Amino acid sequence: MAEVHNQLEIKFRLTDGSDIGPKAFPDATTVSALKETVISEWPREKENGPKTVKEVKLISAGKVLENSKTVKDYRSPVSNLAGAVTTMHVIIQAPVTEKEKKPKGDPKMNKCVCSVM
């Protein structure tokens, strides 16, 4: 029975409303490992699946989860109820390329000046 309290049932809600899981994860599981699970279990029929952990953001209880933290760090009192499943929202962000990082056009062209007379 002690094992139940050391695990958390998590389902991952994708942007289209479909889910991955639920699946049990030990309290010591890092957020980075959760993201690896999302990548490995991403539905094959869905386009634009994530390729790396950096492309995946997990949100739980309104907080963006940090890769280095564990499931235990984000556990809520509600998750201790029998049969409780925690839903984490999955956001995919495409990696930013070097071309996108560079500002477009001449920086002087984007200035705005106001004068009151």
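The backbone N, Cα and C atoms fix where each Cβ goes, glycine too.
As written in Swiss-Prot, here are the features:
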{"type": "DOMAIN", "residues": "8-74", "note": "domain 'Ubiquitin-like'"}
{"type": "LIPID", "residues": "Cys112", "note": "S-palmitoyl cysteine"}
{"type": "LIPID", "residues": "Cys114", "note": "S-farnesyl cysteine"}
{"type": "MOD_RES", "residues": "Cys114", "note": "cysteine methyl ester"}
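DSSP assignment over the domain 'Ubiquitin-like' (8-74) gives 16 helix, 23 strand, 28 coil. The Cβ of the residue listed as 'S-farnesyl cysteine' has 4 neighbouring Cβ atoms from other residues within 10 Å, across all protein chains displayed. When other Cβ atoms within 10 Å of the Cβ of Cys112 (S-palmitoyl cysteine) are tallied across all protein chains shown, the result is 4.
Looking at the domain 'Ubiquitin-like' (8-74) alone, the prediction's average pLDDT is 91.
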